Amino acid sequence: MTFNHKSIDELHDLLVNKEVSALELTKATLEDIKEREETVGSFITVTQEEALAQAAAIDEKGIDADNVMSGIPLAVKDNISTKNILTTAASKMLYNYKPIFDATSVEKLYGRDMIIVGKTNMDEFAMGGSTENSYFKLTKNAWNQEKVAGGSSGGSATAVASGQVRLSLGSDTGGSIRQPAAFNGVVGIKPTYGRVSRFGLIAFGSSLDQIGPFSQTVKENAQLLNVISGNDKKDSTSSQVKVPDFTQFIGKDIKGMKIALPKEYIGQGIDEKVKETILKAAKHLESLGAIVEEVSLPHSKYGVAVYYIIASSEASSNLQRFDGIRYGYRTDDYENLDDVYVNTRSEGFGEEVKRRIMLGTFSLSSGYYDAYFKKAGQVRTLIMEDFKKVFANYDLILGPTAPTVAYDLDSQHQDPVAMYLADLLTIPVNLAGLPGISIPAGFVEGLPVGMQLIGKPFAEQTIYQAAAAFEASTDYHKQQPVIFGGGN
């Protein structure tokens, strides 16, 4: 028996009314994972034993009727720490690493009686946009297994899109939730920087990283963000802004809502058919009563360059801790301490990670710091100012999530610049610390197109309101890939 076509609300009703137990639901989810895993490759680790034990304990205690997430299984990206469960960040460097603590977001899942059924595949240390940079395996697009899943949270996206799980967590540093959500036709949000604790997230770019949910629908996404949000004393960057009920405005109309469409988001470098799809989506929002007007974000064109200086610099610092001494991989080939460091890191890190460490080390070096890192920080401020000016007059900004639909496997893997440019539309949102969601907005040649809605800081409720209004009046989210029983 499978339950993967049922919403979280429907599953909650079944659990509360004892029509199904948490154990039965978890067993069915594990079957769904097993059945589809060879096709898509979403998981690095499936936590069958732990999940079944947890489900049995929840049944013993009883489902909480007031907690919609009680007994619900989900998957978690493999750079989010899970106590005594392999957490590899898809790297040889951490091939055997089992944390001795849970990330705050994981603690919050357990606190609401959610069941983690596995850890999902990703680009190594979240560096990449296709999930082809994993040390362990390749993840394939749920709609077409000859296409990339997107990245870096590719496994979390395909797990939801293929019907292995209903919900998952990913992380987003420059588009790593939104872009794979777009490529796989699911909902994915990068919350405002500081909305969700980063404690226990294996760090890549500390001023950019944020954990967020993937889901089949907008409401389910909001329901999961309700669980993981909030201030955390263990993360000094987590915000003290009060956490509202993110589902509160779902179902309300968007009459009079002002939405900005930046000309840069539908200009050069954007696939013509993707652009047409987004313009059609903008017209649809207008038909629902929103006011959509063209604006300019003039400095967004520098986003990719700024990001690859700042993110790589932060990564080169964060990844210094992986040296073969305390945990993780250690080389067998050494005669002295220098050899341990050099050979461990040379053998343990993949090509893309090494590339970014070198980029970051270069831009932080004494002769180049002012010319690169400092200047990137100044341009980042200009990008933030652009957003601030637009948000003085508008509620939301809309555009495509990615410039193209999912591309062929191995077609950009050897061309890092082409891969970097694929994050053209998502990166500025991270640089400015803003919330941004990707929702299904149409198809091009049988592949999903994502629409990105960007909000003011901590205005996730407004994003969900508009996203839900669009979703309720279209059927893109109802169309499923063949692997999930759909016709596409």
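Every residue gets a Cβ built from N, Cα and C, even glycine.
Here is what Swiss-Prot records for this protein:
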ACT_SITE  Lys77  active site, charge relay system
ACT_SITE  Ser152  active site, charge relay system
ACT_SITE  Ser176  active site, acyl-ester intermediate
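Distribution of Swiss-Prot features across the structure.
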residue : record                               : DSSP (3 states)
Lys77   : active site, charge relay system     : strand
Ser152  : active site, charge relay system     : coil
Ser176  : active site, acyl-ester intermediate : coil
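Around Ser176 (active site, acyl-ester intermediate), the same-chain residues six or more apart in sequence whose CB sits under 8 Å from its CB are Met122, Asp123, Ala126, Gly129, Gly151, Ser152, Ser153, Gly170, listed in sequence order. With a 10 A radius on its CB, Lys77 (active site, charge relay system) counts 32 other CB atoms from all the protein chains. Cβ neighbour count for Ser152 (active site, charge relay system) (all protein chains, 10 Å cutoff from its Cβ): 35.
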